[in-house]
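A.B. asks: Mind having a look at this structure? Questions to follow.
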Amino acid sequence: MTCQYNFSAGPSMIPRAVLNQAQEELLDWHGTGMSVMEMSHRSKQYLPIIEEAEAGLRDLLSIPKNYKVLFLQGGAITQNIMVPMNLLANRSASYVASGYWSKRTYTDAQVFSNINMAASSESINYTQAPNMKSWNFSKQDAYVHFCLNETIHGVEYFEDPKIDEVPIVCDMSSNILSRGIDVSSYGVIYAGAQKNIGPAGLTLIIVRDDLLDFADKKTPTTLSWKIQSDNNSMINTPSTFSIYMAGLVFKWLKEKGGLKEVEKFNIKKASVLYDFIDQSDFYYNDIDISNRSRMNVPFRIKDDSLTMTFVAEAEKKGLYQLKGHRLVGGLRASIYNAMPIEGVNALIQFMKEFEKNNT
Ligand SMILES: *Cc1c(COP(=O)(O)O)cnc(C)c1O
């Protein structure tokens, strides 16, 4: 059995070219005689690696100068606690629930006081993201939190919020770098790396510098954005190898033509797959067309009893990880930046054959 294409939601595919480069450099990075994994994070060999990674990211997203970039750990879920610890300062905050992850963020934050729901689409099973105009928050809130792309439900916002009164905190774990965004529309952006950035173990934070001064005094040093920022993400040892890999991915995206080109490519991949699902009487996707995720495409077979056979037969063809999340069932194809169009075409070809053999 060989994997042709990996549709995992995360950890997920990393561009082949990046893996090849990492392999070439694995034992001896640029004539240092060391692997990146063996380097002191404070050494003169390693510093250019983290600096280039940050510069690459700033360039891709056109991050304004008054935003800090942090390379932390703990995954997106640790931010569920770090966001209130670093921002709340005994005020209130509002949360939008557009799927499993943002609802979980809201629930996790309940250990703090005055955490409110701004809008939720739970009652319609998250088939649509609550319209940004419907978000019900208070101007006194410390922040409004939402998730730009719901990885499990396949629900994505395609606009940046235009809200000036309150800083917006956004979980972009599964669609960061899939297209350009206006960073200045956000107060804080965070993302676990293992979907569209690189290996697991790295969490990216982009934070407007005036938001660094609200941390609760009891915030541990490693969890304080401010202290990490003052120490270039090195108040403790950062995930050095993942940062190196992320830097290679940023270069790869730049070589692809930057995020404008990457977006075109992602639109194409997602639309061929949705078009195929929509014309079929065998498969379906019930997410509102205006919110259909370009990164995570959940779909179902009308005869649900065929789902596990689909997954097993797809795997025999080298199409991996098509099973839907255990909470929602069905099927899901995650088609992040690293998934080539050939992978989507191979999936569609398999779906056609499976339909033919089972009707
Ligand atoms: C995967 C994911 C998470 C969880 O990330 P961890 O790195 O496992 O903590 C949170 N939010 C979104 C949108 C995700 O896709």
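Heads up, the Cβ atoms here are built off N, Cα and C, so glycines get one too.
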A.B. asks: TrEMBL has W101, D171, Q194, N236, T237 down as binding pyridoxal 5'-phosphate; which of T78, T151, T219 does it also list for that site?
C.D. replies: T151
A.B. asks: Can you give me the average pLDDT across the domain 'Aminotransferase class V' (5-347), rounded to a whole number?
C.D. replies: 98
A.B. asks: Rounded to a whole number, how many Å is the Cα of T237 (pyridoxal 5'-phosphate binding site) away from the Cα of R42 (L-glutamate binding site)?
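C.D. replies: About 9 Å separates the two Cα atoms.
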A.B. asks: Just to be sure I understand the contacts, which binding-site residues have a Cβ under 6 angstroms from any atom of ligand 1? Candidates are R42, W101, N236, T237.
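C.D. replies: From R42, W101, N236, T237, counting a Cβ under 6 Å from ligand 1 as near, the near ones are W101.
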A.B. asks: When you measure from the Cβ of N236 (pyridoxal 5'-phosphate binding site), how many other Cβ atoms are you left with inside 10 Å?
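C.D. replies: Counting Cβ neighbours of N236 (pyridoxal 5'-phosphate binding site) within 10 Å gives 12.
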A.B. asks: For the pyridoxal 5'-phosphate site made of W101, T151, D171, Q194, N236, T237, how many Å separate the two farthest Cα atoms?
C.D. replies: 30
A.B. asks: In Å, rounded, how far does the Cα of R42 (L-glutamate binding site) sit from the Cα of D171 (pyridoxal 5'-phosphate binding site)?
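C.D. replies: Per the Cα atoms, R42 (L-glutamate binding site) and D171 (pyridoxal 5'-phosphate binding site) stand 29 Å apart.
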